[in-house]
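Just below is one structure, and these are the notes that go with it.
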Ligand SMILES: Cc1cc2nc3c(=O)[nH]c(=O)nc-3n(C[C@H](O)[C@H](O)[C@H](O)COP(=O)(O)OP(=O)(O)OC[C@H]3O[C@@H](n4cnc5c(N)ncnc54)[C@H](O)[C@@H]3O)c2cc1C
């Protein structure tokens, strides 16, 4: 029997989905199944089905922090559908679905003159992905504003984590450490502010990003974590790697911690280039760069 017939969900089930269509790097082989549960009932059905059948699963947001291997993913890739894309506000408190784009959330808060997320402008992920990877920029991160997060647990229960029950670190969180939890909704508390001031902070953050990052070429943002003493980009540049290329994968000359896809880069090209950069930085500085990018 086909998975579509077994599942009987309101959302979509797409077999053989090219992962390059789901990731900002535009790289990756096919996923056996791509499923978009439309609501909580659908999501629980999919999770139960995968667990019962022993199918590996992967929750994807906008795929902006991922490198999917050329062999693809032997399992089910799940992207939250329509009913996970709602936003509600109550004064300075916001309740937002994990499937909402961060940019949509930021626009929503600016409309209501709520300050606190403007530095995150230009981060192309979803709220779910931003919580899991604790997205941040210019010294601020999403976790600074989180009150609680609702998740679906391994046994399909609903659980709410309060702020004090969650751990956040550099591009990591409780949910990054426990990949069995699916984040479905987040509550935030922002600060009432002046719209012009919020817009001007956003404009400045956008300007700084546009002047330092190759935003028009496919990438997955920063590839390596910054080691404690120096920025990874600085070390990569000093090691002479800026502009280095394997196939169509290139260390961006504009921002050395971005590896961009110049057209037809494969995951193999990317991985070789990552290794080469790590090797050169290690030789020159004795520092091992760790990847921030998630490799699937
Ligand atoms: C041009 C560019 C600029 C960027 N700039 C920044 C920046 O300034 N700062 C920064 O921090 N990042 C930046 N990024 C990286 C990226 O956008 C962020 O890490 C973002 O938060 C990832 O969100 P996503 O929805 O794309 O997640 P994905 O890449 O799809 O997934 C990331 C991880 O989260 C998990 N996940 C996603 N949704 C859920 C969920 N609902 N429940 C459980 N797990 C889930 C996935 O399984 C995966 O492990 C940039 C990327 C690009 C391409």
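Heads up, residue numbers simply count up from 1 along the chain you see.
Keep in mind that glycine also has a Cβ here, set from the backbone N, Cα and C atoms.
According to TrEMBL, the feature domain 'FAD-binding PCMH-type' maps to 26-193. Sequence annotations record features per position, and here TrEMBL assigns active site to 171, 292. According to TrEMBL, the feature active site, proton donor maps to 222.
Separating the Cα atoms of residue 292 (active site) and residue 222 (active site, proton donor) is a whole-number distance of 7 Å.
Same-chain residues at least 6 positions away in sequence with a Cβ under 8 Å from that of residue 222 (active site, proton donor) are, in sequence order, 232, 233, 257, 258, 292, 293. In the shown protein chains, 19 other C-beta atoms lie within 10 A of the C-beta of residue 292 (active site).
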